[in-house]
Every structure is written in C-alpha cells, then in structure tokens.
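Listed features, source TrEMBL:
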TRANSMEM  A:20-42  transmembrane segment
TRANSMEM  A:73-94  transmembrane segment
TRANSMEM  A:114-139  transmembrane segment
TRANSMEM  A:151-179  transmembrane segment
TRANSMEM  A:191-212  transmembrane segment
TRANSMEM  A:232-257  transmembrane segment
Amino acid sequence: MTGFTAAMWAEVLKTVRSKVPWLAALGISLAPLMGGVFMLILKDPAWARRFGLVSAKAQISAGAADWPTYFSLLAQAVAVGGLIVFALIAVWVFGREYTDRTVADLLALPTSRVVIVIAKFVVVTTLSTMLAALVYALGLVTGGVVGLPGWSLWLAACAAGRLMATAGLTVVLITPFAWAASAGRGYLPPVGAVFLVLFLSQVIAALGWGAYFPWSVPALYSGVAGSELQELSLGSCLLVMLTGVLGVAGTLTWWWLADQP
Amino acid sequence: MDRAILTSGLTKRYGHRTAVDRLSLQVRKGEIYGFLGLNGAGKTTTIRLLLGMIRPSEGSAWVFGVRVYPGALELWSRVGYLVETPGAYPELTVRENLEVFRRLRRVADPKAVERAIERLGLGPYADRRAVTLSLGNRQRLGLAKALLHDPDLLILDEPMNGLDPAGIVEIRALLQELVHQRGVTVFMSSHLLGEVARIATRIGVMHEGRLIQELGTEELVRRCRRWLVVDARDRRAARAILEAAGFSVDSGENGELVVTGDHAIACPDDVARLLLERNMCLTRLSVEQEDLESYFLRLIGVAPGGER
C-alpha cells in the first residue's frame, strides 16, 4: 500500500462514517426540490395564486415553467448553493483535524503531509462532484414528475455539461477555504470567510464586476445574471484557476512549513 | 552513534517570548529520559520541535543522527509519539482509529492493531466509537497509536495524564518492559516529579524555557536534603544538650527539633545515646528526606506555597 492509497483509505473511511456528507446531500437536495415547486407554481398559475407572495416571487425569478428554465435554475443552485455546501465540506475535511486534535497525529508519519493534503482535496472534489450529480439526477426526476415541457436529450446533455462545469468551477474556488480551515485551526474562521465571500460575490456581481471576482464567475457562467447563459471569458477562467492553484499551494505550504499545534 | 536524541542550541521564540532557550541535550539509546518542568516551562514546545511540528528559531535537533524536518519520513517510521491530550476521530471505533494509523504508518502486518489493543488493555472498548471513551481510555488509545509500529523511540508528552492509579502502574510497567526487553528509548515529559523519578534513568529539568539541571535519578535522590527529627519530653533541655555537643539544631513546624549535618543523619544512634545518657525521654527519632516535589520547587526557586 502506497502512502497515497493509505491516505485515501483513511479519508474515505472518515467521510463514510461521518454524518456530514449525508447532511450536505440533504441540504443540496433542497435545490432541485424547491426548483420543482417553483416550476409547479409557474406551470399552474391558478393553483399557484393560492400561495400569494410565493407565486409572485416565483414569477419574477424563474420565468417560464419548462426544462431550459429549470436546468438553468439547477446550474444557478450549484453555483450559489454549491459554493456554500462544497466550501463547508472542505472546511470540515481540513478543519476537523484541528477541532478533533488529530492533526498532531498526522505530522510525523512515514506518509508525507503533502500526500495527506492531496488525499483530502481528492475527497473534497469527489464528494462535491457527486453532490452536483445528485442535484442533476434529482432535477431530472423532479422535472419529470412536474411534467415540464421542452424536453430533449440534447438539452439534457447540454444542461448536464453546464451544471457539471459550474460545479467544477465552484470546486476549484473552494480550495482557499481549505487553507483558511488549516490556518484558522478549526471551523469558525473559514465558515466566516465562506459567508463573507458569498456576500461579496453577490454584491460585486450586482455591480457588474463579477467577471473580475473569481467567486462570482460560476454564478455568472450558470446564467444567474439573466436568462441567457454566459460563456466564460479567458480572463475569468484564468482568475478561477489562479485562485484554485493559490488555494492548493497555500494549504500545502501551510501543512508543510507552518508551526502546527 | 549511541544517541537517540541530540539538540544543539535549540531555540523557539514566539514574538518576544522565548519558549525554548538554547536547549542542548542528549538522550542515549535505551534510556528513559524524564523531562520535567512546570506548566509553560517549554516541555511541549521542545517535543514539538523534536517531532518537526514547529520550526526552530535557532539551533537544530537530530533524532537517530537525522536532522529533524517534516519530510524525514524514514525517521518517523522509527518514532512513536503522544503530544498533549491525544485526539481521535470521534465517529470511528478504537479499532478503526488504529487501523487508520496502521496504514498511514505503513505497517504491513494487520495484526499490529490487535496487538496494540491488547497491549494497552483496550479490548473491551475496541468496537466502541472514540467519542464515547473516557479520558483515561483516550489516553490509552493515544499510547496505542504511539506503539502501533513498534518504534525505537517513544516521545511522550505527559503520558500518565488522565490515567487512574492502576493505569499509571500498568503504563509504567509497559514502558519499562519496552526499554529493558526491546531497547526502546523513551523521552517523556511530565510535571509529576515523583512519577518520573520512579521510571526515568535520567532527568532534565526545564524552567522558563531553559534546561536548568540534568542528572541521573540516583543523583536526584541523593541531592534531596535530609535531616534528623528529634522530639523529647523536655525539648528545651534536649536542644541545649545537642547544641552543646556541636549539632546544628532548628525547630520544626510543631516545635520538634530538626538536626542537620552529615554526622547526625549518618549516625542517629549517637544522637539518641547522647540524649539518653543525660536522662532525656525521647518520643521521636527519625531521619527524614525532602520530597522530590520540594526539591524541584527549591531548584527552580519557587517556595512550596508558590512564592518565588
């Protein structure tokens, strides 16, 4: 067994035994289900009027009740909700070692700290990708149950690509929170950072500068700014990649060089 | 090379505070080195420096001749350690916690986990989740992790913490067995001088980041002050007789006579004879020794009540 296999085995066991992934799945499952409720309201306005304000709000944010709109909603949910849920997973995977005081046990082993950090990132990425896939799968079932019009296999494939690409961008952007959990030695500082970044991403996107703020980019790409989906500019793409690389490098450097508790 | 640990001018500063100040020590292979000090003396910081968990501000540390740094992977396979209160993954069982570290420690033999469980008496708790363990059993789990790979060197920070008296005796016996039968070197910190004196072959005393004394356990015991306590029906007369004979006499807390000097301690029978010849009725005669805690506090300049 190589060091990486051992580290992966350990991380997977810790993840499987924990309630956190299940709670994350439950949390992110609300997105397609709530989207389905909006679609239901939009599809049958007479029935929806009985819901008063909820109906009015659904009209404003969602537009038409069809598959393209619903798929767009799902991608936006992954961009915004995913930023929170995926980031919290990263915070948990890294921060727990400090909160459970197990980090000291990981620092002087024949398995390198670098390998352990990489295994953690692999688990965060895999889990986040699975959650994005869960959103899509639940979306397909929910949309089918609601009976949305406008279905085509091509549309479903394109929507899957868009959703998974949005999830990919979001996953890349959560790496700095792994560093924050390590440097902050626990959960609270990085959780604060997650919500601060989420707030800033909304404000900066609303001001029209979202393409220059990495954490606004996935939401813009998912089409949150309008009904038309936006293509990713090279600059935005590079900004996201640079943020991801800095997050990974920062976390690795922290585990390797910083004084540990 | 018979040295397991060697440090040279090892210093760690946090801003203006010096946690460890130019520490130079040597621990020979097969030795149990007791590292003593009050809370905040720099013991845990030293242990972290020895394990590459923190970087020295100055100086360096070598373990088995290898300079300590985080990437010394070969070295870490020979070292088992326990730093402060041991942590554990709360949702994993005791067995799973150990299995995680068996793999990360690259121990090929799967039976190593069962051996560690048996060695530390964790059998009844093996399938319990770590979150349900008592402090003492968490400590045992921490020690099991340290021993999992049969290390050549054990670096233990307060290993007796949280253990009940039976547990302390058991762990003491286990460490002695490892040293005597397998030639393992033990470097253990503690603030319990009596406990360390029972097990250590050599003791280093840390105070305010500095190693202020290093000596063998026998030497430590020898350096503790001794005196002869004498009590008689007529204390005043007894004191006068002893002083007239050239003995140095003080009064104890309850008015008893405290006689110091090598001759009085070596030959208390001479003192007794002297007093009996003068028809003194003796009610007490005993050679007493300063306890280790008092010696330790005297060494670091702290009065038993806590005043410096």
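Every residue gets a Cβ built from N, Cα and C, even glycine.
Note that TrEMBL annotation is computational and uncurated.
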Per Cβ pairs under 8 Å, the stretch of A:20-42, A:73-94, A:151-179 packing most closely against the transmembrane segment (A:191-212): A:73-94
Spatial neighbours of the transmembrane segment (A:232-257) far in sequence, C-beta under 8 Å, 6+ residues away: 94, 113-114, 116-118, 121, 169, 172-179, 182-183, 211-212, 214-215, 217-218, 220-221
Of A:20-42, A:73-94, A:114-139, whichever stretch has the most CB pairs under 8 A to the transmembrane segment (A:151-179): A:73-94
